[in-house]
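What TrEMBL records for 23-464 is domain 'Major facilitator superfamily (MFS) profile'. The feature transmembrane segment is assigned by TrEMBL to 20-45, 127-146, 185-209, 215-233, 351-370, 376-399, 411-433, 439-459.
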Amino acid sequence: MPDIDFDKSMAFLGESQPYQWRLFILLSLVIVPIGFNGLSVVFFADTPAHRCRIPVEANLSAAVGKERCSDGWEYDDSVYVSTIVTEWNLVCEDGWKTPLTSSINFGGVLAGSFISGQLSDRFGRKIVLFSAMTIHTAFYILQIFAPSWPVFAALHFVVGMSRVSTYISAFVLGMEVLSPHMRTAFSSLGACLFFAAGYMLMPLVAFLIRDWKSLLLGLSLPCCALLPLWWYIPESPRWLLSQGRIEEAELIIRNAAKMNKKQAPEIIFTSLQVRFSSLGTVFLKQINVFDRSPCLCFSSRNSVNIAYFALSLNTSNLYGDPYSNCFLSALVEVPAYVLTWVMLRWWPRRLCLSATLILGGAVLLFIPFIPQKLAAIAVTLEMLGKFGAATAFTIVYAYTAELYPTVLRNTAVATCSMASRVGSIIAPYFIYLSNYWVSLPYVLMGTITALSGILSLLLPETHGLPLPETACGFCECL
């Protein structure tokens, strides 16, 4: 049973036409808020310098001898007016709650990866995308009114769940509706550069708004502005075809042809194509997403997640200003995504993923040998490691989307994302390993990432192949 060549059926629309450019820009815009508030925890959960509060009437020698700060703490407000740490005194014996806040958020990302994939393959990419955007905006704002840390953490879990659901649905939708060349550009330059743009704006907003509640409110506004895009972003014709909804798929394609000033053929999809596409759902249960290739994807994505998020969350601990360091960490992703586009356009996928993972891991292994007085060189090497991790992060997302058929693509991308979130959940604790040995996080991250780069050479190659539409095309790819 042959696989459907959807791209060949859509060739009459042209490659880079108004319809494709509109979707490219709109779906990229949807991802801006993900970068804008996705890593805001580095500011609203940062721990300022602090000390025990000593009452004026207290005996100083007696106060110094206290085992616990029974009178509370005093926080330095030169960098932040307030954070959740100062709000609920997450220091000393409660200091473990700070990294746990990030881990709980990434736990939500894990749950969202699984749930959104299942829902998106069942009910469609568009409805899950905009439902996730609405939930993300609502719960991001609700965090402001949390009366305690446990309530905040629960809300932060839902924020992580809805954030990843938004990203995965938008990413998969873009991969399915865009033409082959624009698909490559979207997975690197589009989605990722717009994410980086939001990421770079975040430290600027945080610099201007030093109070954590006002900061969360300010970071939630872009999400509200994007909700009306519901009326401009269509459902994926590939997904509609996989569900046997031929008339709806053809209507979207004919509207696209009208926008591009192209003449659509009288019959766009043959009955044979529809039968093959619908049969894909029958084979869905026979596909094991935990065979060799997905397991290697899980391994690669876990190592990438550990390196990417640990390095991103570590910006407030680096030498220098936390706002400048965060901006630099975001800025380094721009050339990474440009390189990703070049690599995805012309290079084999295995070579791309392996080279960037090994690069990211190798430079991190050099950091322990840098003298403490040369902190600027250590920061530079850390940014090079972030460069490699960001590049690999983008490649592995596109790679996963290319491996799986339409009937399984969103679930597969989401499942790989879900499995890899083990890496992002433990990433905040990698930073705290420096309490035992300052270079331990870099040794562990560098080793794991480099080894994963070597193992990724065992993955199948997808460069130059059309996206599989059915289970048959998936099996041929493997």
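Even glycines carry a Cβ here, placed using N, Cα and C.
Just so you know, TrEMBL annotations are computer predictions that nobody has curated.
The model shown is predicted, which means the values in this text are computed figures rather than measured ones.
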Contact call for the transmembrane segment (127-146) and the transmembrane segment (439-459): at least 3 Cβ pairs under 8 Å, seq gap 6+: no
Overall pLDDT for the domain 'Major facilitator superfamily (MFS) profile' (23-464), taken as the rounded mean: 82
Range from 20-45, 351-370, 376-399 with most C-beta pairs under 8 A to the transmembrane segment (215-233): 20-45
Folded-back contacts onto the transmembrane segment (439-459), same chain, C-beta under 8 angstroms, at least six residues removed: 292-293, 296-297, 299-300, 302-304, 306-307, 310-311, 314, 349-350, 353-358, 360-365, 367-368, 382, 385, 388-389, 392, 399, 430-431, 433
